[in-house]
Each structure stands twice: as C-alpha cells, then as structure tokens.
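Q: Taken from TrEMBL, the feature compositional bias 'Basic and acidic residues' covers 275-289, 305-315, 550-564, 599-610. Per TrEMBL, compositional bias 'Acidic residues' is recorded for 526-549, 579-598. The compositional bias 'Basic residues' annotation in TrEMBL covers 628-637. If you look up TrEMBL, you'll see Cys156-Cys190 marked as disulfide bond. Sequence annotations record features per position, and here TrEMBL assigns region 'Disordered' to 259-338, 519-637. Per TrEMBL, signal peptide is recorded for 1-20. The transmembrane segment annotation in TrEMBL covers 478-499.
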Amino acid sequence: MQFQWDWLCLGVLLFSSVTAEIEDEEIQDADVEVEDFDKTSQETDVDKGRMSLEVVYKTPKPIGEVYFTETFDGVLTGWVLSKTKKEDTDENIAKYDGRWEVEGLKENTVPGDQGLVLKSTAKHHAISAMLTKPFIFADKPLILQYEVNFQEGIDCGGAYIKLLSSSDDLDLEYFFDKTPYTIMFGPDKCGEDYKLHFIFRHKNPKSGDYEEKHAKRPDVDFKKFYLDKKTHLYTLVLKPDDTFEMSIDQTVVSKGSLLEDFVPPVNPPQEIEDPNDKKPDDWDEKVKIPDPSAVKPDDWDEDEPAKIEDTDAVKPEGWLDDEPEYISDPNAEKPEDWDEEMDGEWEAPQIPNPKCETAPGCGKWVRPMMNNPNYKGKWKAPMIENPNYQGIWSPRKIPNPDYFEDLHPFEMTAVSAVGLELWSMTSDIYFDNFIICSEKEVADRWAADGWGMKKLVASANEPGMFSQLMTAAEDHPWLWVLYILTLALPVGLGVLFCWPAKKVDEDIDYKKPDISKSITKGELEQGGEELEDEAELEEEKQNEDDIVEEERRQVEEKKHELIKEKKKMGRKDAPSGEGEGEDKDEEEENEVAEGSQEEGDKSNKSGSEDEMKEADESAGSGDGPTKSVRKRRVRKD
C-alpha cells in the first residue's frame, strides 16, 4: 500500500510539470501564422531583443465601413504638422516644434510594423489629419480606437487624441490647443496622477456656448498601463442611446450615461440659490453654547503648571557634574586657507565627550519633570444645547433662468479631423493603428490584426515565471520570505503524506522468550481483557511474594537435610578417604549452596520482573517461579 502511495505522489508531481509546460506552449501556439526560427534568425540583433517566434506581419485592412484608419506602415501621407504657436505661453516654448518620427517599437519589435513616435521632450507637439469622411452623430455608434506604448515610461505628459469639430475655417496647419474639438480621449499622467480622459464639448442650446463635460473618474488603477512598456489598446464607444464605454486592452474600465456620469452635468438644475438672498444678522447657527449658569469651583486653580519637578528623583551614581556633554575635537586642525579677517576666529568642531559614554550623564543634573496631579488648566463652562438654534442657513431657491433640458447629448457637433496636441517630459511615445468606425466587429478585427500581433510577440518574449519571480524579489526583498514559505509548504506536505512511514520493529517483541508478554499480546490482539482494579493486584502480588518466600525456605531446609545425609554416608565409607571425603563434602556443600542461592536469586528476579508486568501478566504467571524452582531442585537431587 505504501508503495502505491509513493507512485501516486510521483505521478501527481509529473502531471503538474507537464501541465505547466503545455500551458506555456499554448500561449505561444496562438491562432496566427508563425514560422520556426532558422539558424540565421537566431543570430538577430541583441539590442532589439530576440524573438522566440518569427511572426509574419500583414498590415491591417478594414473589413467594413470606416471613417478613418492609419497604420503608419507606409509613407506618412495626409498628416499635417502644426506651424502655429501655443497661446498664453512663454515665447521660448510656445512653438509647436516637437519632432515626430515613423519607426518600429524598441522592444518586442514586429518586423514590418511601424508607428508614429513622439521624439522630443519638454516641447509642444501638434500633428493632425482629415477623416476619410466626417462622422455625424445621428443613429450610428462612434467607435474610436488606437494603440499607445510608453516605451520609456512616462514622467509627465499625455497620449490622448482629439476629434476636431467640423467647420469651414478648419486649417490643420494652425492646429493648436484652442482649436475646437468635439471629443478628447486617451491616457494622461503628471506626477502620481494617472488618468484616462473622456471629455466632450457640449453646446448650450440657449446661449450657444460650449462647455467641457468630463467623465467621472473610474475606480481603476491605471499605473501599470503607463509603466510596463507594453502596447495597450484604448477604445471609446459612444452609442445613440446616450451611453458610453471605455476599454483598455478590450476590457471595459468605465461605462455610464452621458446624462448622469459627467461633471458638470449636461443639464443644469431647475432651481438655483438666489444670489441676492442674505443671511439675517440674528440668525443663530450654533448647535451648542456654554452653560451661562455654570460657575467655576472655588478649588479650581488655573495657575497650577502642567509639569512639575519629580521630588522623588535621585541623581544617578557616577554622574559627572564637572564634565561637559560636548568638547572641542582635539584632533581638528584649522584649515590652511582660513582667513580670520574674513572668516572670523576659528573654533574646533564640537564632539561628544568620550568620558560621558561610560557614565550615566554629564553636566549639571536636573530633576526630571512629571505630570502635575493638581493641574486642571483653564476653566471652561460646560456646553449645553442652544435653545435658540435655527439650523444652517442657506439661500432660498429660485427658478434657474439658464435651465434647459437636452435629452440626447449624443447628438454632438460632427467631427472631420483627428489630431494629437501634446506636451511631454518623456520621449518615444508610440502611437499606432488608429480607426474610427461604427461597427464593433470592424474594430475587433482591426485590433486582432494589429494589437493582437504585438501582444503575441510580447507574450512570446516575456521571461519565464522563474525569471519574473527573481526580478520581483530584487525590487522587493521581502518576497524571498514568501517564496520560501510557498515552497516549504508543499514539500512538507509531500514528505508528510508520500514518504514511507517508519516501520516499528515488531519482530523483536515476537522473538522475546517472555511467555507472559506473548500471552498478553495475544489477549490484546483478541480484544484485550480489562485490567483488574488496584486492590486485587496488590493482593495477588503479596500472595505471590509469600509463595516465593515459602519455596525458598523449603529449598534451604531440603539443602541442609541433603548435606547431613551426605556427611553420614561419607563417614560409612573407607577411613582412608576421610580427609578427601570431607573436602569433597565441603565442595559439594558449597556447590549445592551456590546452586540454591542462584535458584533463589533467579526466583526473586523472576518474581520482581513479574511484578513489573501488567496486572494480567502477573495473574497468569503466578506459578512460574514455583515450577522453575521445583524443576531445578529435582535436577540437583
């Protein structure tokens, strides 16, 4: 049975290892066209990272109706660099002169795939392009999707995109921060504030003015998307039913209603506070007031200090009153370039007095301070409920003169261009695979052909689990404790349940010649008999001792009788052998005496051993010493 358990545990361990390897292979064997590495591909440039798979990349092609697409895989056409300046900014940095390049990723490069990269730091960047056809917010959803990779992390900067509002005077060469836009969407970070913007500009139907509406911040930690140096897919979906969804890597991180989940809300309140209403002078907002009838007690002394000297304190023995706590450094030397006229008189720096290190203290001893038991502080009257309390005053409500109700904020201003207007303190922000469409299937297929390929390559190039654990432990050394405990637990359980149990050497017990013990084991194996109570055991032991003592006395008497008979028989023999006979008689007498003594000792030993046995052993072997003595006596005779 133990052998079977050993093989079962070994099989479980092998199965776990094989399963882990299969899962690792399944990650690599995704539904894409791949080819095995040949010897040449294994010697690719190390600086750009080695790929475990050679991916055949194909530029994504839209499969349905789209309003705009851009892969940056070919010649950069249709994109216009801004030539204007940012308003209300220092002249040195106001110009949009940040540099853009079209290039591949630095890490996890997909051969043939390129993107638009922001290259400058601490500069304003602005680039834009016209849509294939304007998007009109009517009865079709708007889907905006693109990829971003912060290849160097991010200190302060954004990677959001703007959908520029349609207008007759839209000129992309003069695209800047004040250019009217309809939607702004994408990641933004400065300091430790990680955001995902979704802002739309809503037109007030009464005044005609535009106001920015900001989506409420989702309860999601976006930090990892900025720091992991991976390509992430950002998707915004606006629906004609006035709802929205924001997704990262095809996982929804925020959703809600355009009417309810924006700040400030789309529709203003019906009533507002009257700006001309003022709080009356006699309005009492105090919930509690000091009790006017309270009187300070006569024994209340406000002059008592909070701390007093501890009069019971005693100066420690060995306190050095004449030694200062700090002394001038005797090894210090005045610098050669010290100018007393300019720098003043030079003084050696102060160091702790070495004599005070072994003493309880130095300098003048002062008693420590303790809390004053008589201290009460300044007396204040207790607080009571204010009988004149009127509550918190607030202005009265009046109808809002600017109130309006827009039940369909989805019907926004049409868009005809897309633009990136950014400031960043970090370079090499990578953009790729822009698409604006109305069908989810089109966006998903576009993402699979572009972002899906990057995700596959990044997964294939990721270090193994062991390497990731070691890297994490380097950043957080306390993880070593967790690793040790995690490994020790299964090993301990494996040893506990799978290791062969230590066999009890039962053969020694079976080979012992102690008959009484074997009988006891037999009785225990058959079910065991209950032990007799303590009084009966004591009585049986006493009886056994009496029997043994009686037998010893009889043996001694018999011994003496045999000796006497032997002597009588020896005297009747030849006189010449009298001396020898007496010597032999004495030797035989000694032998018999020694034999008798040995028999008595053995009998006593047997009896004492039986007394140490369990109650049933003592009861079952009570006649043993008697029989043994009798047999020995017969042999001696």
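Placement of Cβ uses the backbone N, Cα and C atoms for every residue, glycine included.
TrEMBL entries are annotated by machine, without manual review.
It should be emphasised that the depicted structure is a prediction, and the values quoted were computed from it without experimental measurement.
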Q: Determine the Cβ neighbour count for Cys156 (disulfide bond): the number of other Cβ atoms within 10 Å of its Cβ.
A: 14
Q: Sequence gap of 6 or more, Cβ distance under 8 Å: name the residues on the same chain that satisfy this around Cys190 (disulfide bond), in order along the sequence.
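A: Looking at Cβ-Cβ distances below 8 Å from Cys190 (disulfide bond), excluding near sequence neighbours, one finds Cys156, Gly157.
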Q: Per DSSP, what is the helix/strand/coil residue tally across the compositional bias 'Basic and acidic residues' (550-564)?
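A: Looking at the compositional bias 'Basic and acidic residues' (550-564) with DSSP, the answer is 15 helix, 0 strand, 0 coil.
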